[in-house]
Amino acid sequence: RGGGRGEHTKAEEQRRREQEDVGKESLMMELTRLVQKVMKESSWWEKRGVDCSILTAAFLSLVPAFLLLGSSQLLWFSLGMLLMGLAHAIITVKGTHLASHGALCESHTWAKFWAIFFIEICSSFSAQAGIHGHIKMHHAHTNIIGLGDSSVWKIPFLPRIIYLFMAPLSVPVITPLVALAHLKGNSLGMVVRTVLMIALGLYSQYWLLINVSGFRSMPGALLCMLVCRAMFSIPYIHVNIFQHIGLPMFSPTKRPKRIYQMTHGVLNLPRNPMLDWTFGHSLISCHVEHHLFPFLSDNMCLKVKPVVSKYLIEKKLPYQEDTYLSRLHLFFTKYQELMVFAPPITELVGVQ
């Protein structure tokens, strides 16, 4: 009899879990239907036009930037440097991120072209490695220990001051080196293409600085390239760690359903005119929306934000938000715990 009761209890527990799983899936399906409704009611301009226009404006701003960098007056030269740094951040962060998700167009062929253009030519990285790391690992396994847990951004041997405020300035130098390291094991054609595309992007900027801006020395042109490319690298690193590290982390064997995984493991920063338009809404104020619906453009993430936030709050699911300075203070004061030691594993008792 005792064995019979035990089997009956196990069967009831199994049915309860299955019912919970159905409930969790229906939550995600219900939210998806709400977002799809907004999508159907949106124009091409809202879906892709706004973000394509911002990227186009960034490319067009490079013309006055190169011309201003040829000025002998400090004010105009500094303005040219600032303009080029801003354009570079928009193109390489916002543009690369949207291109990696195929959010710039509907055509798969053009999506592949834009991914190579933005990731390899503009950002000096491998398109294949970038898409694999971001789409297939980070998004598929957000905050899953050993898979998409953002540990790639951790450098435990660096002191917090160095890591948070100095090391990011080396990103322009480290990025192409990491890209080359990722080429190991790829086909010869892939290696040749990636190396040529990265070289084309770097040399194009150098050539324009020499021939349009009038730089007279290689060291001067290379220094200008470094400053422009590193201008937004500190907030770039900050954003990448602030919105995931320090939030619940899950075991690969006990991962929650998608809607629980994303709402517990992702955080939004408040609207910030500079970062929102430079890095894109999906990386700043709509990161939760982006992780739930990664195919949406920045502008569409912003448009569905009220729908998503209202739904999650109504269903008593987390909708996590915090300020940039608050997260910076947290990481500065708890650097060892967050960036050096292994993170604790969270189990969602009661729902998992």
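Don't overthink the numbers, they just go from 1 along the chain as shown.
Just so it is clear, glycine is given a Cβ too, placed from its N, Cα and C backbone atoms.
Nobody curates TrEMBL annotations by hand; they come from automatic prediction.
The domain 'Fatty acid desaturase' feature in TrEMBL is assigned to 79-321.
According to TrEMBL, the region 'Disordered' annotation covers 1-22.
Positions annotated as transmembrane segment by TrEMBL: 49-68 (among others). Through the fold, the transmembrane segment (49-68) approaches residues 43, 76-77, 79-80, 83-84, 86-87, 90-91, 94-95, 98, 103-104, 208-209, 212-213, 277, 280, 297-299 of its own chain, all at least 6 residues removed from its boundaries and within a Cβ separation under 8 Å.
Residues or ranges marked as transmembrane segment in TrEMBL: 113-131 (among others).
For 161-183 (among others), the entry in TrEMBL reads transmembrane segment.
Annotation comment: TrEMBL describes 190-208 (among others) as transmembrane segment.
Nonlocal intrachain contacts for the transmembrane segment (220-239), taken as residues 6+ away from its ends with a CB within less than 8 angstroms of a stretch CB, comprise 69, 81-82, 84-86, 88-89, 92-93, 153, 164-165, 167-173, 202, 205-206, 209-210, 213, 269, 275, 278-279, 283-284, 324, 327-328, 331. What TrEMBL lists as transmembrane segment is 220-239 (among others).
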